[in-house]
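Positions annotated as domain 'F-box' by Swiss-Prot: 11-60. The feature repeat 'LRR 2' is assigned by Swiss-Prot to 82-108. The repeat 'LRR 3' feature in Swiss-Prot is assigned to 109-134. Under the heading repeat 'LRR 4', Swiss-Prot lists 135-159. Per Swiss-Prot, repeat 'LRR 6' is recorded for 186-211. Taken from Swiss-Prot, the feature repeat 'LRR 8' applies to 236-261. Among the features that Swiss-Prot reports, repeat 'LRR 9' is placed at 262-287. If you look up Swiss-Prot, you'll see 365-390 marked as repeat 'LRR 13'. Summarising the annotation, Swiss-Prot assigns repeat 'LRR 14' to 391-416. Among the features that Swiss-Prot reports, repeat 'LRR 15' is placed at 419-440. What Swiss-Prot records for 493-517 is repeat 'LRR 18'. Residues or ranges marked as repeat 'LRR 19' by Swiss-Prot: 518-543. Marked as repeat 'LRR 21' by Swiss-Prot: 594-619.
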Amino acid sequence: MKKVKQIRVLKPFDLLSEELVFIILDLISPNPSDLKSFSLTCKSFYQLESKHRGSLKPLRSDYLPRILTRYRNTTDLDLTFCPRVTDYALSVVGCLSGPTLRSLDLSRSGSFSAAGLLRLALKCVNLVEIDLSNATEMRDADAAVVAEARSLERLKLGRCKMLTDMGIGCIAVGCKKLNTVSLKWCVGVGDLGVGLLAVKCKDIRTLDLSYLPITGKCLHDILKLQHLEELLLEGCFGVDDDSLKSLRHDCKSLKKLDASSCQNLTHRGLTSLLSGAGYLQRLDLSHCSSVISLDFASSLKKVSALQSIRLDGCSVTPDGLKAIGTLCNSLKEVSLSKCVSVTDEGLSSLVMKLKDLRKLDITCCRKLSRVSITQIANSCPLLVSLKMESCSLVSREAFWLIGQKCRLLEELDLTDNEIDDEGLKSISSCLSLSSLKLGICLNITDKGLSYIGMGCSNLRELDLYRSVGITDVGISTIAQGCIHLETINISYCQDITDKSLVSLSKCSLLQTFESRGCPNITSQGLAAIAVRCKRLAKVDLKKCPSINDAGLLALAHFSQNLKQINVSDTAVTEVGLLSLANIGCLQNIAVVNSSGLRPSGVAAALLGCGGLRKAKLHASLRSLLPLSLIHHLEARGCAFLWKDNTLQAELDPKYWKQQLEEMAP
């Protein structure tokens, strides 16, 4: 009997080469749900997706054996969702990923020891980057084990407060290929350890020494590094004029210097620090104690090619700002946030020299008026970012100029300003606008918002916090015109109803939804967003009394990317809270003053949410929950925040704003 030949029927995708499929995967990789759909299409796609993926961010360390068995080409492993990573878990990583792994992030993980790190270092011989920030129990013995990872190029040890010079010395000797090192808040490390690092690791390009008890002594060695590009000295109180007096260097490679919060540094010390940094591009002097005067600005003579300067919280004089504009006229970014002494005269003399300015931050510069805004608009046509929160003396007419003259704006913060609908009409001409903050803008209405909806189709972020003139009509125009919206804040816009939520459900890319203090929204509106906005990651429903279990059940079923939720002061019971356990990536939950909750229901919900990192609960529950449960959850990586606030009547927004202004300096 003849055997019948089986004819293999080729499917269309069988003709695609592996390289072409990988290109397709690169294009859809930003959306995890698309990748999942692709891999579930057929066996060959499942295998190709497994072979292609190089970056993983698992929700729990328990999943590591299964995940790493499937994805054998993993090069970047991010375990920040895993608060508890044991030595066994690190052993699994070493055995299954081995020579393939190049980057590992343990910055929010604990429970591992030197033994686990040693297995990792010996197995992952090509590891070039590891983040061990927040390992507050890490000691010198652990650092000696890290030194076994000879291929390391980037190492972060922020807040490893038990480390000393000895541990850093071990790393310096063992990891000579290091080019990026962060020791921020490693308060046990001083001049000796930093000096050893500079002597042994000649390839260092980025060095973060913020809040270390160092002096200018170790800077002599650091500034000899031929490839050093970024040096961060934030909060280094030991770096003062005396310790820098004899400093002489020629660090032509240095491009960024952060000397913010160096309280003992004046223009004399800064002159020494900048003496050989002729190619410096970015300088941060925020919260320095010295007045930014003509003398201080003169220290910038050697860095005339500077492109960015931050003077947040500093006391500045008009002469100082004028000198900065004259000496550094190539500046593209200037930040004067909370510089309360900035005046129209000073700012105008600065910006009129900066024709290339792209970013300007004048947040809380309360002395500025229309004069400054006029000068900014006329002098800086290339501006892409303008932050001017709480510039309350700026009149309504000035905002019209911003829209007419600064058409390239992408980011605009007008929180707590006098802008009105005519101002919004002008700003709608900024077609590239992606972030617009209009919180506490009491003069705007739906009419003004409709201009934004029709003109700014690229809008990604919109903040309407306490802008009480906004209703469903305005939100509807935004939802229709700004379909790429990712973040919206409508908190305390009390006329908002479910109609707005139904409109916003058309914005399928929505990730952050804040509606705190909106009494007229219900679970029906929330369900509409949950069903259609699959990327939803953060939801704030505090003080929304009509939100109940039905809304949470919808979120639990449809919003599988939800990471943070606040349901304080709502009608939610333990039924809705328990349903949240169905969301595998939920990390933060806040539930305070919800009378429908029983301690047993809260306990069950907390146990069910296995990836929980932070829980904000009412203080009364602390004595009602079993102590063993609290200890168990803390061991699992969950931190508790107990709140004892009582319900307060909401203030009228105008009265609330008046109180805020009276508190301001």
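Just so it is clear, glycine is given a Cβ too, placed from its N, Cα and C backbone atoms.
Away from its own ends, the repeat 'LRR 8' (236-261) comes close to residues 209-217, 219-220, 223-230, 268-270, 272-288, 310, 312 of its chain (Cβ-Cβ under 8 Å, at least six residues beyond either end). A Cβ distance under 8 Å defines the sequence-distant neighbours of the repeat 'LRR 6' (186-211), meaning residues of its chain 6+ beyond its ends; these are 153, 157-169, 171-173, 175-180, 217-218, 221-222, 224-236, 258. Sequence-distant contacts of the repeat 'LRR 18' (493-517) (same chain, six or more residues past either end, CB-CB distance under 8 Å): 464-468, 470-472, 475-476, 478-480, 482-487, 524-526, 528-529, 531-544, 566, 650.
Within its own chain, the repeat 'LRR 13' (365-390) has Cβ neighbours under 8 Å at 336-344, 347-348, 351-352, 354-359, 397-399, 401-402, 404-417, 432, 437, 664, counting only residues six or more beyond its boundaries.
Taking DSSP states H, G and I as helix and E and B as strand, the repeat 'LRR 8' (236-261) has 4 helix, 3 strand, 19 coil.
Using a Cβ-Cβ cut-off under 8 Å and counting only residues 6 or more beyond its ends in the same chain, the repeat 'LRR 4' (135-159) has close neighbours at 106-107, 110, 113-114, 117-118, 120-122, 124-129, 166-168, 170-171, 173-175, 177-186, 203, 208.
Distant neighbours of the repeat 'LRR 14' (391-416): 362-370, 372-374, 376-378, 380-385, 422-441, 443, 463, 465, 657, 660-661; these residues of the same chain sit at least 6 beyond its ends, with a Cβ under 8 Å from one of its Cβ atoms. Only residues 6 or more beyond the boundaries of the repeat 'LRR 2' (82-108), in the same chain, are considered here, and those with a CB under 8 A from a CB of the stretch are 58-61, 64-65, 68-69, 72-76, 115-117, 119-120, 122-135, 156, 158, 613, 635-638.
Residue counts for the repeat 'LRR 13' (365-390) under DSSP, helix first, then strand, then coil, are 10 helix, 3 strand, 13 coil.
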